[in-house]
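TrEMBL has this to say about the protein:
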DOMAIN    20-198  domain 'Aminopeptidase N-like N-terminal'
DOMAIN    233-449  domain 'Peptidase M1 membrane alanine aminopeptidase'
BINDING   305, 309, 328  Zn(2+) binding site
ACT_SITE  306  active site, proton acceptor
SITE      390  site 'Transition state stabilizer'
DOMAIN    531-849  domain 'ERAP1-like C-terminal'
């Protein structure tokens, strides 16, 4: 029986008997009709006997009569929609060597923010469409038929036909341009070898500003007309980052130009397309008068992240999506390196612990996944763009760099980039290069961190002169998994002068304290409990559980200001995680928090406030009678720092203090502190009447908006309407997102419902739904769940990308804390789970059950009420 096209169905990847060398693409988008036509001529090398060509195509109408390979016409063309492939059959085996495959096709400029799509903007008062591409992970196939797999690198030569008055950009500079009446044809230079997911096109009306790197590479930021001043900050960061990376990777920037452009409808934060990086407005634009300090930081980190990809990802590309973390973990890690160098006063490596924390929190779930995850179908790829690939990925890189040393690590990375430039690499390839450079067992060490999910908690206890260590897999549900790791352990005793560094390879080990204790401090502080800190500066991706004596020593060290910022963060985060997992009591966590009562550093307090808000939420369900007192205790903890900062900015204060003010005022509003709420409302009313007032600068607006929403109800809704008015009149996306993030935070269920329904109107872009979802008040969770059930079909139809659908589940389901609710949610989704949100649903349900278990444990703590009263009296 003759082989049939069906043999190619159901495979994760395309067969390798033919591969593209070069794409010659001609595209003509019609922005009014929202369609496009295209023609492709693809140089293909046939390297094994076959009478088929198999490539990807999705949502394209390919003109079968136009298909030729050399002079052969196909006998059959089959498109398998669920596999997103096209199988072209011929009546004879294809000649070996190079041939050209040609075809014509048409498609739709869709509204799903993937493939070749349309985004709405306003120009001269009227609404217009721009045409934009977003191809990562597997959506180039929605724009042109191709081998849409990162390993099939090829050269691309694009030609675009567009209206003469529009700007049309692609990865490469323009080679020539011809104009015929109202249409112009733009021919772009041929690109170097690159993967399909990095091809990019943007067509619309834009202004730009430009600058150059020290090597003379032209860098531009494109914005909507009239907004170029908001691109200056990003342009400056871009030019400096390119210079820094060129030196760090010891390889010049690979392309002749770099364009960065702000897109109003954009599902991710940004996309590193080779030479044409696309961003959502809020990730690229910064306005001195309208943006907050945290917006500024976000822009710097995002730009540095995307430009790191020009080397790590674009020049050297992962061989398959299993190795996605090589792209994302690295770009995340190195973006902090760049921003630390550009803005040392931001204390950026300490802020990196935000990434580590979110990685640790997700990876403590049984429903987490390894960094290197098997991908069996294109539909599964989107779901791995998560905190494991990015945050855990970046954190284990920081751990490895700190173990091997910065210089050795940098040298190895530079050799890796040189060795694999213009080709593809797997995770193992990087380990081999690092091993050669360092002489350390990198592969054995790192495989334990990338091929198995989870991480260890290290139990530390003192026995005589020995510090005994034991590792076990840490899970938030309190169980212990089977994992074992090779752990780079660091330790210090009494001071940071003497440090011990070694690999914990077995389940248990012990070290003699004399090996790393600072003998002077041991003698000079006889009357104090000596402190020992493991995982110095939290460079390791693990948690530590200290015995009572060691824990008490650390509390004293915090009070005596002996510890680094990073270590203070590590202790509070580990303690909180151990409490959630019922490995220590909430009572002891509250006592520990009390040691931070005169902390004034933003980086530490950002973790402390996040822990405080979690405690406040869980105790509403766990101990309703104690909740008011616990909230008061947490307010007392944060109040001294707030009183010192006040509401009004001070001349010459640091960037971090500006961020701290915003963080603390917002936290006090959420904790129900009446004075802060009243002051926020007072300032809001003045601001609402006079937008130019200095009483409410961008940094404190979020706190005021939340304060207003805490006072809104169906019978007194003027604050809600006022915020909607601000939203409608704001042209600045960062201001719009501040309003959206507060609309659903009212204690009144009907107002929450109105905010959720507002998301379905055309006043809110689909990309911005997560702001409203993220703000839902605890009082609004029940109505939000009812709303989600009633509108689930609409959500699935409207939000196509995995990350956006997942937002709906992850914002609503984990707010519940009972086994009954977990069962109800499971029953609702039974039989209708799709790969795009399956992982999000499982993780959310696991979070509900973890909370339920934590609540049981809190209720059984005998000394909780008494401790709360003691601590309150101590504050009085």
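Cβ atoms are placed via backbone N, Cα and C, with glycine included.
A TrEMBL annotation is a machine prediction, not a hand-curated record.
Note that the coordinates shown come from a computational prediction; the quantities given were computed from them, not determined experimentally.
Annotated features, which come from TrEMBL, shown on the structure.
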residue : record                       : Cβ contacts under 8 Å, 6 or more apart
305     : Zn(2+) binding site          : 270, 272, 331, 332, 335
306     : active site, proton acceptor : 260, 270, 271, 272, 277, 279, 331
309     : Zn(2+) binding site          : 272, 327, 331
328     : Zn(2+) binding site          : 385, 389, 390, 393, 394
Centre the Cβ atoms of 305, 309, 328, go out 8 Å, and tell me which other residues of that chain have a Cβ in range of the Zn(2+) site.
272, 306, 308, 312, 313, 327, 330, 331, 332, 335, 390
CB neighbours of residue 390 (site 'Transition state stabilizer') within 10 A?
22
For the domain 'Aminopeptidase N-like N-terminal' (20-198), mean pLDDT (0 to 100)
96
